[in-house]
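Okay, structure first, notes after.
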Amino acid sequence: MSFKLLAQDIIWRNGRLATMDPDLKTAYGLLENYDMVTRGKTIVAILPQGILDNDVCEIVDLAGRLVTPGLIDCHTHLVFGGNRAPEWEQRMKGISYETISQQGGGINSTVRATRSLSEDNLYRISQPRLEALIREGVTTIEMKSGYGLDLQNEEKQLNVAKRLAEAYPITVSSTLLSAHTVPPEYQGKSDEYIDLICEQIMPQLWQKGLFESVDVFCESVGFSLEQSKKLFLAAQQLGIPVKGHVEQLSNLGGSELVASFKGLSVDHIEYLDLQGIRALKESGTVAVLLPGAFYFLRETKLPPIELLRENQVPMAISTDFNPGTSPFASLRMVMNMAAVLFRLTPEEVWSGVTCHAARALGREETHGQLKTGYQADFIVWNVSEPVEIIYEQGSHPLHLRVYQGKVTHDHSSFF
Ligand code: NIG
Ligand code: FE
């Protein structure tokens, strides 16, 4: 065999590799009796066991355990101040999310809490949320702004995301969601607020390299289709990819708008229709399903899963971790919800948190699969079948967490 091992390489042997590589026609892209070789941060070879002639590098014996790509949580609002438990208590008494938003609660109450915190305090309260996701196997995460809603506070939120990325073994993809809601000082002047984003917040924070895509809440309680389009046009001029919170509470046609900009993803999409689905298929935009928000809002309208499936639109799944509609720092629990509530097959669920989630972040060439040339982010689980990770909750099946080729969590001594 022509592959030449180097002393710095690691051979991961005797794993059941759920590669999630769509080119392999097996379920989960499963490969058995293969060696996976990492060199530094990268997977450099996946070869049938028995051909590597090794007398130079370390071998790690995985003893038949399941190996998957690291989990990717492609839609979160993880950096926020306060919590909305009191508001939730009201909701449990029958007051709707829309009514609470209209009364100045909802997103704007988190805006007040986020603005009132120093950057250091915002960082500190975000840490345990991120740590929870890391511990359960997340290796790439998206984080949105959208609770600052002015230049200084949006920058503060994005700086926190940047500091988290520097401090923890995880890839962070940041998104500008200044168009989340109209802040109090712009009440009744939403067009002017969109101008502020287009002319100041977006260009200045883009220049500082603080985010990699732009998002909007296109909804009756958010921004109109026209306002969303204006934002996307300004983003396009700067070369920034777009995505949208669309069709969550009604169908405004936001998905078609995102698709017309060749956007990365449309997220929520309970009210998406066939016309929107055709547009997504055409543009290659990922449908991001957020079962945590569906569950927590006691939504009854399911996203059009069967139509998405028929039209082969890639479906990703994410926590949407936020204090108002999905206070869940667990992607594994949301994987379970995607199967039970949305009836995704276990294989679709796994694609949804690996290869398709990577695509939703524009990282499908480097993340979300066990494949030569990809970043060596993977989880060794104390199970043998992929479905077990979705099925059982509350247990801690993570055996090894490997990020960029290095073991960051080793629970092998527990078993
Ligand atoms: O993804 N839909 C809008 N944004 C969030 C909710 C944010 C909030 O309520 O604070 C979501 O569900
Ligand atoms: Fe969201």
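Start at 1 and count along the chain as shown; that gives each residue its number.
Glycine is no exception: its Cβ is also placed from the backbone N, Cα and C atoms.
Other Cβ atoms within 10 Å of the Cβ of H245 (Zn(2+) binding site), summed over all protein chains shown, number 31. The Zn(2+) binding site feature in TrEMBL is assigned to H75, H77, H245, D320.
Look at TrEMBL and you will find H75, H77, H245, D320 tagged as Fe(3+) binding site. A sphere of 10 angstroms centred on the C-beta of H77 (Zn(2+) binding site) encloses 25 other C-beta atoms. Under DSSP, H77 (Zn(2+) binding site) is assigned to coil, being neither helix nor strand in the three-state scheme.
In the three-state DSSP classification, R84 (4-imidazolone-5-propanoate binding site) falls within coil. Here R84 (4-imidazolone-5-propanoate binding site) comes close to G105, S109, T110, P323, G324, P327: these same-chain residues lie at least six apart in sequence, with C-beta atoms under 8 angstroms from its C-beta. The 4-imidazolone-5-propanoate binding site annotation in TrEMBL covers R84, Y147, H180, Q248, T325.
Residues or ranges marked as N-formimidoyl-L-glutamate binding site by TrEMBL: Y147, N322, G324. Shown in sequence order, H77, V79, F80, G81, I107, T110, V111, A113, T114, N153, Q157, H180 are the residues of the chain, 6+ apart in sequence, with a C-beta less than 8 angstroms from the C-beta of Y147 (4-imidazolone-5-propanoate binding site).
Here TrEMBL flags 66-383 as domain 'Amidohydrolase-related'.
When the binding-site residues H75, H180 are scored by other C-beta atoms within 10 Å, H75 scores highest. When each of the binding-site residues Q248, T325 is scored by how many other Cβ atoms sit within 10 Å of its Cβ, T325 comes out lowest. For ligand 1, the binding-site residues lying close by, meaning a CB under 6 A from one of its atoms, are H245, N322, T325; the full candidate list was H75, R84, Y147, H245, N322, T325. Cβ atoms within 8 Å of the centroid of the Cβ atoms of H75, H77, H245, D320 (the Zn(2+) site) belong to the same-chain residues T76, K144, D267, H268, L290, A293, S318, F321, N322, S326, site residues excluded. Among the binding-site residues R84, Y147, Q248, D320, G324, the residues whose Cβ sits under 6 Å from any atom of ligand 2 are D320.
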